[in-house]
Amino acid sequence: MFTVFLLVVLATTVVSFTSDRASDGRKDAASGLIALTIKGCCSYPPCFATNSDYCG
């Protein structure tokens, strides 16, 4: 019974680890899209005036 418990814990850990690594790529893509959107906003004066704290 203890062996089954260890196998379940190991399987859960492996699935969780690989799922987290897969989602990291999606997070990177989303942050890149947000950065491009903010850069576009910084070059547009009305948007820059409203969101100047995001523009470097």
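Indices start at 1 and increase along the chain as displayed.
Backbone N, Cα and C atoms are what each Cβ position is placed from, and that goes for glycine too.
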Can you sort out which of CYS41, CYS42 is the disulfide partner Swiss-Prot gives for CYS47? CYS41
Please classify the secondary structure at CYS55 (disulfide bond) using three-state DSSP. coil
What are the non-local neighbours of CYS47 (disulfide bond), defined as same-chain residues 6+ apart in sequence with CB under 8 A from its CB? GLY40, CYS41
